[in-house]
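According to TrEMBL, the protein has these features:
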- H37: active site, proton donor (ACT_SITE)
- 30-37, 148-151, V177, 185-188: ATP binding site (BINDING)
- Q61, Q154: (R)-pantoate binding site (BINDING)
- Q61: beta-alanine binding site (BINDING)
Amino acid sequence: MIIARTIQELQASLQEFEKEGKDIGFVPTMGFLHEGHMELVKESKIKTDKTVMSIFVNPLQFGPNEDFDRYPRDEEKDIQLARNEGVDLLFLPTVEEMYPNGNLTINMVVTKRTDVLCGKSRPGHFDGVATVVAKLFQLIRPQLAFFGLKDAQQVAVIHALVEDYHFPIEIVPVPTVREHDGLAKSSRNVYLSDQERLEAPYLYKALQKGREAILKGDSISGIRDYLTAYIENHTSGEVDYLEIYSYPDLEMVIEDQQPVIIAVAVKFSQARLIDNIIITQKS
Ligand code: AMP
């Protein structure tokens with residue numbers, strides 16, 4: 001596995017791949033790798049010749065009171081995991097390498113799909129995501145890029161980015177990888193206390209109940225209230241949001257319009273967890 005820490009090193013390796021006529025698959029991450037990330041790599045290895053992974057904790061997508069400084073990092077272990085999984089090229093830029101003058105002159109602003117869910121509770125987050133992903137797409141020029149549906153709103157935004165700005169890149173959404181008890185794998189799970197870790201699977205249990213209720217045709221507002229209460233009764237976390245929208249537009253559900261997403265964010269003492277389920281109803 002080649003490790004590139006600078007844009008120059010990255011591009012030198014990419015040129016070699018290009019010369020050999022290889023298809024590039026790109027897996028952007030913030031590191032502290034787990035099996036969720038590895039699933040994206042596996043998909044990329046199936047579908048492309050060379051897999052490029054980036055690990056970059058992007059300050060632009062963190063709000064002033066969010067966890068940028070204490071976001072978990074373990075470069076040595078990440079390098080090992082990426083190598084074992086067969087990543088061909090690992091891009092590990094510094095903040096200075098990605099934002100050489102501190103801030104960029106031009107930032108992306110996402111104008112749709114972000115007034116709800118994480119976009120609402122994390123203002124500016126998706127502007128930061130779109131900006132860094134646009135930069136990485138420009139640098140790496142992959143044919144395919146792999147994103148996890150655990151961050152379904154992010155997938156919706158990236159689809160729009162590619163469409164609006166004509167990136168010749170196919171976005172491949174990858175289903176959420178879960179622990180045996182249903183908890184979605186996440187770098188932030190390490191911040192759960194033992195008790196919270198026992199409670200956290202109730203997010204997914206709630207989503208599954210929500211799926212049944214949607215398929216049964218229960219009212220959206222009734223399902224929302226029931227699931228919010230269900231999570232509050234089974235965990236010590238605070239429900240930041242639990243919403244049901246059309247997917248990927250993330251607008252109010254009109255009867256029988258499909259697919260729909262049930263998305264939840266819960267704040268525990270040291271970690272804010274998100275999860276979702278996308279339901280394609282019978283017509
Ligand atoms: P992150 O490092 O959290 O920014 O995640 C990098 C990529 O991995 C994103 O596309 C995430 O959606 C994806 N990802 C994170 N957790 C999971 C998971 N449990 N299952 C599938 N993909 C995931």
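We number each residue from 1, going along the chain as drawn.
Cβ coordinates are placed from backbone N, Cα and C, and glycine is handled just like the others.
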What residue among the binding-site residues L33, V177 has the most other CB atoms lying within 10 A of its CB?
L33
Anything from the binding-site residues L33, G36, Q61 with its Cβ under 6 A from ligand 1? List those in sequence order.
G36
Cα separation, Q61 ((R)-pantoate binding site) to S187 (ATP binding site) (Å, whole number):
16
In the chain carrying H37 (active site, proton donor), residues 6 or more apart in sequence that have Cβ under 8 angstroms from it:
V27, T29, M53, G148
When DSSP states are folded down to helix, strand and coil, where does V177 (ATP binding site) land?
coil
Between Q154 ((R)-pantoate binding site) and M30 (ATP binding site), what C-alpha distance do you get in Å?
14
Mapped DSSP class for S187 (ATP binding site), helix or strand or coil:
helix
How many neighbouring Cβ atoms, not counting its own, are there within 10 Å of the Cβ of Q154 ((R)-pantoate binding site)?
22
List of residues, in chain order, with Cβ under 8 A from that of L149 (ATP binding site) and at least 6 apart:
V155, P173, V174, P175, T176, N276, I278
Listed in sequence order, residues with CB under 8 A of G36 (ATP binding site) and six or more positions away:
G148, K150, T176, V177, A184, K185, S186
Nearest-integer angstrom distance between the alpha carbons (Cα) of M30 (ATP binding site) and Q61 ((R)-pantoate binding site):
11
So, three-state DSSP: helix, strand or coil for the residue listed as 'active site, proton donor'?
helix
